Amino acid sequence: MTFQSLILGPALPEILLAVLGLVLLMVGVFRKTDSTGLVGLLAVYGLLMALAVVGLGAAPETPQLAFGGLFIDDGFARYAKALTLLGAVLTLLLSMVWLKRENEGRFEFPILVLFATIGMMMMISANDLIALYMGLELQSLALYVIAAYQRDNLKSTEAGLKYFVLGALASGLLLYGMSLVYGFAGTTRFDGLAQVAAAEGGISTGLLIGIVFIIAGLAFKVSAVPFHMWAPDVYEGAPTPVTAFFAVAPKIAALTLFARVMMGPFAAYADQWQQVIILISILSMLLGGFAAIVQTNIKRLMAYSSIGHVGYALIGIAAGTTEGVRGVLVYLAIYLFMNVGTFTVILAMRQKGRAVEGINDLAGLSKQHPMMAAAMAVFMFSMAGVPPLAGFFGKFYVFMAAVNSGLFALAVIGVLSSVVAAFYYLRIIKLMYFDEATEPLDALSGTTMKVILIGTAAVVALFFLAPSVVVDGAQAAAEALTFASAR
């Protein structure tokens, strides 16, 4: 490995965050007074600085490599990192409100979020199976800890333990798949794997089995069926801001990694893996739709809703085209704002100063807090795919990608599962506007939560006025991915 191959410029945002994380650890340890607020504020500034580096700099015309080719910087990575960093900033701001309100402040929390975000960014820019695994595990180790952040809360401890045990199993599947791929292809580099595929013209059974194991490991990380079993319990048991973080940033990073792996090194084998992705997508959409209907806890409902949304996003990957990748990226951008806004409302659900999570606790919300009810209605209508809200456009682009790729049955199943899912979204709206409250919710307090709620609701409601802001960026990012894959 030459000095030239160790150029670090493409990894500048990750390096900045890593240095900041180490500095904040020392600040937290050596500062005598409680440093949670200071460390949290500096972590937010650091994430915003990384977002500025990612978003303001022009994406390279050709992919830039670092660390001997293990790390890649291209337009696709820039777009996905911008979404991941934005999700991390918004959920960390919500977390700081919760930490102060619940008197749960410990300086390690924002640092763990910081390191989890670094892992996600490494995943997005992975250009090698080993780099992919390192990023994935850095993210996972931090997430295991924050899932069990409330050490004295039985549900939180259970959530962390379940996520850890099942996550270790998924990591084992992923590693086994990587070992098979390396054994049969002779390389772990993405460009090397693509060259092997082009040279052989076919696929060996061992390599195919390895790809299936890799898909299984990645499916766990995005909570796709049948590897979803951890999501409902972890979403319900983890602290609400942690659940919000789980539902947004790691999901975006893992789905974009999924797209890079399938459309990069394994693009030539699309005929083989496409059927697996289609099956996972259908199962996720159907389970996410039907299982959520019977839920009474809103965080558990959001877990199944998230599983359904993963199914819709996987439609774009199953399409196996630039248009499909664009659909996934548009969907994830919209999903980010819908979910952050919804979890802001969930975090605000309190009765006499006590947090509540029952869906029925939203009854009569429109009479008590009309602004909060209106914002929640916007998010629910959008998740149901009602035009002209943003959620409609997200589903439209992935369904169109499926149709243009000849996957008519998959698109039809997606539309039908959207109709099923609309039932539980509209049920929440019915509760807020047509039912009477047994006990009123406390008023929404705090400027941070109000700004996030109004901002996310405005983006979701007014997206149709300027969809090109997101769609054009997604198109350029998708073209960058397919260009890199074709090299």
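Here the Cβ of each residue, glycine as well, is placed from N, Cα and C on the backbone.
What Swiss-Prot says about this one:
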type     : residues : note
TRANSMEM : 7-27     : transmembrane segment
TRANSMEM : 38-58    : transmembrane segment
TRANSMEM : 79-99    : transmembrane segment
TRANSMEM : 111-131  : transmembrane segment
TRANSMEM : 164-184  : transmembrane segment
TRANSMEM : 207-227  : transmembrane segment
TRANSMEM : 238-258  : transmembrane segment
TRANSMEM : 276-296  : transmembrane segment
TRANSMEM : 301-321  : transmembrane segment
TRANSMEM : 373-393  : transmembrane segment
TRANSMEM : 406-426  : transmembrane segment
TRANSMEM : 451-471  : transmembrane segment
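Under 8 Å from some Cβ of the transmembrane segment (207-227) lie the Cβ atoms of residues 136, 140, 166-167, 169-171, 173-181, 183-185, 250-251, 254-255, 257-258, 261, 266, 269, 272-273, 276-277, 280-281, 283-284, 287-288, 303, 306-307, 310-311, 314, all in the same chain and six or more residues away from its ends. Distant neighbours of the transmembrane segment (276-296): 212, 215, 219, 224-226, 228, 262, 304-312, 314-315, 317-318, 358-360, 407, 410, 413-414, 417-418, 420-421, 423-424; these residues of the same chain sit at least 6 beyond its ends, with a Cβ under 8 Å from one of its Cβ atoms. Within its own chain, the transmembrane segment (164-184) is flanked in space by residues 129-130, 133, 136-137, 140, 144, 147, 193, 204, 206-207, 209-218, 220-221, 227, 229-230, which lie at least six positions past its ends and keep a Cβ under 8 Å from the stretch.
Tertiary neighbourhood of the transmembrane segment (111-131): same-chain residues 10-11, 13-14, 17-18, 20-21, 24-25, 28, 39, 43, 46-47, 50, 65, 67, 69-73, 77, 80-81, 84-85, 88, 91-92, 95, 137-143, 145-146, 178, 181-182, 188-191, 245, 249-250, 252-254, 256-257, 260, selected by CB-CB distance under 8 Å and a gap of 6+ residues from either end. A contact between the transmembrane segment (301-321) and the transmembrane segment (38-58) is absent, since fewer than 3 of their C-beta pairs, 6 or more residues apart, lie under 8 Å. Ranked by number of Cβ pairs under 8 Å to the transmembrane segment (373-393), the listed stretches 38-58, 406-426, 451-471 are led by 451-471.
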